[in-house]
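Asks: The structure under discussion is supplied below as structure tokens; questions concerning it will follow.
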Amino acid sequence: MGFVRPVCMTILFLLIVFVLSAPSSAMDLPATSGGHNRSNEEVEFIFQMWMSKHGKTYTNALGEKERRFQNFKDNLRFIDQHNAKNLSYQLGLTRFADLTVQEYRDLFPGSPKPKQRNLKTSRRYVPLAGDQLPESVDWRQEGAVSEIKDQGTCNSCWAFSTVAAVEGLNKIVTGELISLSEQELVDCNLVNNGCYGSGLMDTAFQFLINNNGLDSEKDYPYQGTQGSCNRKQSTSNKVITIDSYEDVPANDEISLQKAVAHQPVSVGVDKKSQEFMLYRSCIYNGPCGTNLDHALVIVGYGSENGQDYWIVRNSWGTTWGDAGYIKIARNFEDPKGLCGIAMLASYPIKNSASNA
């Protein structure tokens, strides 16, 4: 029976290679057998495959690879234990799988504060008697959502949230989807502190108004670091303008649903949990607070097996979550919404198809 172990390892190798060659998402894993722990050999092999998938390399200084491997093992154990419970969502080996939870939190420390909101709360989407909202909405199917983007290690989620909301609105109003420049916001919208501060989408919307629009991603591409504002580029060739912006009434998921039925909406969430860090698929209803520290965009909503959810676009590339998206439980018992998703919702306004 000496051939059994090599055969098993060959099967494991082929399974993991298949997973790594599949469309990008948080890495799926071969299940553990009967709840038993994985062997060190298996974990080391998965770690090497994960490193290859994410282009990870480590220096030998101060035992960095050993520390990262230990973090990876801890996260893999956490994933296996969670997925064995058959809860409403699954975890996987995201790009953060070699980090401790504290390192993950420190990577994007920005914290948009609801008290910093501009006084732009509107009753535009407050529910009215007789309202009949669609049971489900998915702006991706309407061609109003560009491909998933990646903010890298720059704390620029606010810029990606702003841009995605404006891209979607422009498609709805003009019929044209244009990928816009987050880098212009990072470099030129100084009040939001680029990669280093707690940017707000409202402030970025106001910048677009003052700046007479925003350039395309093609003409002002993303660099992942904060640079000097290219004033020449920033004041010419504007491809999209907006007229105003408004805030959804805070702590009101029904108003938020009505807003999303009309357009993609920028939101803030609390992303600090290990479950959020390692989210892979299905409807997330896991632990999280309401101390907002990350900006995303709701691009739709729906229901599945009696559970309502939001379709939320992230800016961590396609190897996190469900190809870059997360479904967050909707109509949560707390009016702030799960992870505070109803606390800081806002959207741009465009009154005509002209971008002049």
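Even glycines carry a Cβ here, placed using N, Cα and C.
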Asks: Per Swiss-Prot, which of CYS229, CYS339 is disulfide-bonded to CYS288?
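Replies: In Swiss-Prot, CYS288 forms its disulfide bond with CYS339.
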Asks: Which of CYS8, CYS229, CYS282 is the other half of the disulfide bond that Swiss-Prot records for CYS188?
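Replies: Disulfide mapping in Swiss-Prot sends CYS188 to CYS229.
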Asks: Looking at the disulfide bonds in Swiss-Prot, identify which of CYS195, CYS282 pairs up with CYS154.
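Replies: So the cysteine that Swiss-Prot bonds to CYS154 would be CYS195.
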Asks: According to DSSP, collapsed to three classes, what secondary structure does CYS157 (active site) have?
Replies: helix
Asks: Going by Cα-Cα distance, pick out whichever of the active-site residues CYS157, HIS294, ASN314 is nearest to ASN86 (N-linked glycosylation site).
Replies: ASN314
Asks: Tell me which of the recorded positions ASN37, CYS157, CYS288 ends up closest to ASN314 (active site) in space, Cα to Cα.
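Replies: Closest by Cα: CYS157.
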Asks: Which site among CYS154, CYS157, CYS188, CYS229, CYS339 has the most other CB atoms no more than 10 Å from its CB, taking these as recorded positions?
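Replies: Counting Cβ neighbours within 10 Å, the top one is CYS339.
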Asks: When you rank CYS157, CYS195, CYS229, CYS288 by Cα distance to HIS294 (active site), which of the recorded positions ends up on top as the closest?
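Replies: Closest by Cα: CYS157.
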